[in-house]
């Protein structure tokens, strides 16, 4: 009885989600099989758009670049995030909630604000170049700092690091110190303790945090556009151009759905890995 | 040469002194328990020996070599943790084999040795399970196998039986003692349960507030407690305060509120010194001719016997009696005891016993 009432109560939410989230995606999915005939959309379905993506070195390259960036930033945030998360969970003591708040504060400022902050730091007249010149390290500003893949990835790492740290922090909170003591007791030195105990037992946090960072980096449009310069063209900006300037909705939809399918595959893989890691479920 | 020696060992946490300068030694092939209430510093000592806590001051020596600054991973010491601390992501067999890799044992030999260790603790059938699929008692055995498979010089056990039910605890006590005899390894076992200490130990170290009250064979500690604290904590003795009147052939004459008695006691008491007469429940008996007048305050049924609590001249006493002679609450009785069986101990507690 109460279960049925619950179903009814959930109905508006479900209707809302279907109407505003699933439907647009399905419309997009349908569009991805159409094609553009001069300025009108011709509604005869085919796989032509997907074939075009597969056959185009440009689109393949852009998709690969997006996932490469996602993986790279996920890896960098993991390397930085591990010690930070460990410190917050195990050593911060009374400062724990203050540190967690501090970690989240940048997220409350807008994307644009953060991106422009990096322009101030990295620009030719920026803080870093000025300091280097003042210190005599270089005579002329280093141009490659801003409007380069380097700038993009620095800002992406900065933007999404909190998500990785939160994931790892949760994992560290449930990591019993006695396991580390037991590993040391049995003869494992630091690196071995990390590889055989810490890494496997925090892997659900690593996978969850990694997926989150990965997805957000792949979908980030602003950061490469504003900091990447010539390298700022991404698959997302390509989709934007196809929908806006080129008026090729079907091809844009097809690229969007290709990305979506690959991301969903990654999520499925992550879910399987977390379940396998024996920390959830078990028995 | 003793296997392990602690000299003036101290542990401080901030301003709290958990261990305040203890001295003891462990002999090869012996079962030693560190016995005391929670917070007495016994676990701190164990953790310093294991290498999980730094020694604040003092010296730890293993086989004559200083142990203080050796990393936990490099000590020939293994621990059975109170929480067992089995690795949840590894099978039982992988857990047991975990430490052998660092001893240069080959893959095949690791499996073989781990299986043999599991057989030793009767867990051979569980090799492929995960720790979470085991009961507390089974996890306990796996933790034991994981430690002994490394053939440590010294095995540390941190309240290993505290999470088990009473019956399982009794069984495991017998098995632990048996295992120690077979392996000829030294076991250092921390517990707050004096029954457990008696059942297992060759030697007991009684601790209180970061110092050692007394150490020795279980029998000596039970029969010849040096301080009132040990007499009370170990045997549940009533400690009647008094003053040594004189030395006597039996030991001492002691003047108490219950009268003057002659009984053996701890060495070194001088006439005039404060001391306690230790009367255990099983040493007191109801005796119409006895020297002590007492009134019954409580009667507690304990299954095999009754515990009768009494008050005599402001001192709380207790005695055990069989089913057929249960006095009423409020009844006035006379009590007697055999002076040769009781014991006079020091009133103060203290560093006393080195």
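Here the Cβ of each residue, glycine as well, is placed from N, Cα and C on the backbone.
Predicted, not measured: the structure shown is a model, and the values here were computed from it.
Here TrEMBL flags A:7-34, A:66-88, A:100-121, A:150-172, A:197-218, A:254-274 as transmembrane segment. Feature annotation from TrEMBL assigns domain 'ABC transmembrane type-1' to A:63-270.
Within its own chain, the transmembrane segment (A:254-274) is flanked in space by residues 25, 28-29, 32-33, 49-50, 52-53, 59, 63, 66-67, 203-204, 207-208, 210-211, 214-215, 218, 235, 238-239, 242, 280, which lie at least six positions past its ends and keep a Cβ under 8 Å from the stretch. Among residues of the same chain six or more beyond the transmembrane segment (A:66-88), those with a C-beta under 8 A of the stretch's C-beta atoms are 96, 99-100, 103, 152-153, 156-157, 160-161, 163-165, 167-169, 171-172, 205-206, 209-211, 213-215, 217-218, 234-236, 259, 262.
The list of residues near the transmembrane segment (A:197-218) in space but at least 6 beyond its ends in sequence, with Cβ under 8 angstroms from a Cβ of it, reads 66-67, 69-71, 73-74, 77-78, 81, 85, 156, 159-161, 163-172, 175, 179-180, 183, 188, 236, 259, 263, 266-267, 270, 273-274, 277, 279-280.
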